[in-house]
Amino acid sequence: MKKILGFLFIVCSLGLSATVHGETTNSQQLLSNNINTELINHNSNAILSSTEGSTTDSINLGAQSPAVKSTTRTELDVTGAAKTLLQTSAVQKEMKVSLQETQVSSEFSKRDSVTNKEAVPVSKDELLEQSEVVVSTSSIQKNKILDNKKKRANFVTSSPLIKEKPSNSKDASGVIDNSASPLSYRKAKEVVSLRQPLKNQKVEAQPLLISNSSEKKASVYTNSHDFWDYQWDMKYVTNNGESYALYQPSKKISVGIIDSGIMEEHPDLSNSLGNYFKNLVPKGGFDNEEPDETGNPSDIVDKMGHGTEVAGQITANGNILGVAPGITVNIYRVFGENLSKSEWVARAIRRAADDGNKVINISAGQYLMISGSYDDGTNDYQEYLNYKSAINYATAKGSIVVAALGNDSLNIQDNQTMINFLKRFRSIKVPGKVVDAPSVFEDVIAVGGIDGYGNISDFSNIGADAIYAPAGTTANFKKYGQDKFVSQGYYLKDWLFTTANTGWYQYVYGNSFATPKVSGALALVVDKYGIKNPNQLKRFLLMNSPEVNGNRVLNIVDLLNGKNKAFSLDTDKGQDDAINHKSMENLKESRDTMKQEQDKEIQRNTNNNFSIKNDFHNISKEVISVDYNINQKMANNRNSRGAVSVRSQEILPVTGDGEDFLPALGIVCISILGILKRKTKN
């Protein structure tokens, strides 16, 4: 009987133990399920929140956000991420149960009874630590997807791409040679401020995407630059970015910029600076009227802003693109805050040639009466000789000079027209020959301006053997008036978007900005084909530039595809006509596309009116009126005897100016455009 009672006692004990163990295991599984469910809910909501524009850097597991319903592709991506987390959680639960059963079995083998032994559950913190890798990976993937969907032209949240500076080595001319290093970019973590230029950015590497198709290459390249959509002029001369896919510049060739200096810290320009910087403005500046000028030979600070604007047209490689992104530029400062002198420019030409620059850009000039006499019995022939001597010196050194035509709507071949114009500013006793210098010389490439349709800019001078590139127009400004010109967005397609000495960007117009496009294009030709003779280089340019309305127009794709004509100086006219016909077709297609885009944008702007209040219209009108009148008054000084002036206008807007909020109107307009475009896409 005792044996039977003992056996029954053991059986009852085992049954009670199994019951307790089962309840403990079920409790553990329930806790694990709750934790994983909570984890999934938090992460799914955090990811969904990021699709609404959240800037949270990490997933917050402490508070839940309501789910967002969407019919977009983003919802599918989020659902996929949630499924991944569910699957991962299920695996984790099975692992936890298996581990717990092993622990319980071990304890059970050591003792006859576990009725007083409780299983220790895995803590929530431990579970979160084990799932950290899964959560982080999912978050990174989701952020990448969302980042790719963001609108590039958002001035508030854009991150500029900055070209990574590879290891440098100097060639015989002292130019930095980075050609052996692959092209790469760095993406700034900090955002460009409207009030403060970018400095000392922390960056992370971003690889360059490569495609087998030229069209895809161009698209990938240009899409990585936030403000490409606002550069109608660059689209025109590059065939919508095709030239970037055809050839990317090395660091073997440099362009010398004779201008007002440069903002060295500008993120779009800082990685393009060469080894040569020279200030040729003497102490006291122009006519000793600039007390801030110290004569420091290494001072290249751009007080005027013009040099920085010009440099962006050549080498910008960040939020915007120049015609030759990243190509080396050397700086020769001849302007303080206003005007320059011919002897300073002549010295700069010689210095730039000595420094090995194959192309020398001069977006400035003056009118010289080289015969006849003024009231004092003299003329400008000596200044003419100063230019001629310097240009001959540069040509002999293998450098070609590119200079801007004036912005006075003059036919420089009509001397009477030139005389009549000059009489408005100078007292002429005996009229003589008037020239537009330094663009007048045979060895110089003279550059005029066109608008987005290939027509000569309403302000541009014209001349024989000149080449034309986008410089903008003021036709709509004069036609519609100041208020409508801004409110309907004409300036977006009439003026040019370029780098400014604020560290940001600015809208400008003038032949000053057609000239650097030609300079940058010539630098690409020299870099690709190795043409060293300046006269041959000029002929190559003219032979490979299509005629539009009887004028030679810059087309960089044609230049980069013109190798067979590089040394064919006796090409027959039939071949020229065939090539020009093809080039004209390309340009016509580009112009037609641009016109359609402009018409659509103007119509859209009319309907939406930019959502800008009337007070913005009034402010912009005042800004334009004041600046336009100032520029007209400055024309008197620019055309005074002995003065060299820049050949551009900067009216609206000066973005990023920390001293005046009013000119930031352009940023407001473009930001609103970006929002409207994103809404349209959604």
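Backbone N, Cα and C define each Cβ position, glycine as well.
Here Swiss-Prot gives motif 'LPXTG sorting signal' for one range in the set 27-31, 87-91, 652-656: that range is 652-656. Considering other CB atoms within 10 Å as the measure, the emptiest surroundings among the active-site residues ASP259, HIS306, SER512 are those of HIS306. Mean model confidence for the motif 'LPXTG sorting signal' (652-656) is a pLDDT of 40. Distance from the CA of HIS306 (active site, charge relay system) to the CA of ASP259 (active site, charge relay system) is 7 Å.
Of the recorded residues, SER512 (active site, charge relay system) and HIS306 (active site, charge relay system) place their C-alpha atoms 9 Å from one another.
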